[in-house]
Ligand code: ATR
């Protein structure tokens, strides 16, 4: 019998990760035999966990995307631009790191939802691993300007200087949000919703055609999405579509074939809706 290829998602907390379900569904679709598990590891245990895990590939989720970048033997160009990884592939030299978050987000917005990102003035809230992953790809998608605001301003500065596009990407202080004008796209890449259960930023930020995106989904996305609806954003999107698309890009890297994401997205969306209705 063929031994299943082994994969895992590594993060903390990890118990509610949808990645095992998504990869199992993709594998069934493509007739691939694999085992995909969730491994809980805190920051102090990441290096040892990666050393011990002898599978073919791994997804890296919060809070490890930046730290895992430093543990890779090699990295793809988009991982280097992000300085963060979410996809590891075993090579003879060690782990190769890639980042599929940005391509996953842009595909969800432009292909699934048919939203045109070109020319938008974008506010990116947060400057951690998730923000680093999506920022370069948003610039590539043709946005006009990106203002990065983070609770710790030095991280926003570091993200902007790494992007190397001073004409379009610059940082501002969180306390100055009220004076920044309005935006056609606001992306929440902070973990504030998870941490505090609330989101309190000025209602003056969205322009009349604003798209609001939270990179997380489920309970963690509720505070920002509630703020976005109350503030009058026209399109309000959580990170579930991005999650499925970034997983599909990881799957394609490991197996050489891209799965069909629509059926898997529909299944997870129905499940999410049922959970919200049940609350
Ligand atoms: P991730 O991989 O999810 O980006 P991370 O690298 O730990 O995880 O980054 C978390 C992000 O959420 C950071 O931008 C963090 O701000 P700091 O850099 O100042 O820590 C932001 N964040 C977390 N809790 C927050 C809160 N209560 N209010 C605002 N921003 C918060």
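We count from 1, first residue shown onward.
Backbone N, Cα and C define each Cβ position, glycine as well.
Curation plays no part in TrEMBL annotations; they are all automatic predictions.
Binding of NADP(+) is attributed by TrEMBL to 77, 126, 127, 128, 129, 130, 239, and the same site annotation extends, among 105, 109, 215, to 215.
For the pair residue 217 (shikimate binding site) and residue 129 (NADP(+) binding site), the C-alpha distance works out to 16 angstrom.
Neighbouring residues of the recorded shikimate site, listed in sequence order and excluding 17, 18, 19, 61, 86, 101, 217, 246, comprise 9, 59, 243, 247 (Cβ within 8 Å of the Cβ centroid). Considering other CB atoms within 10 Å as the measure, the emptiest surroundings among the binding-site residues 61, 246 are those of 61.
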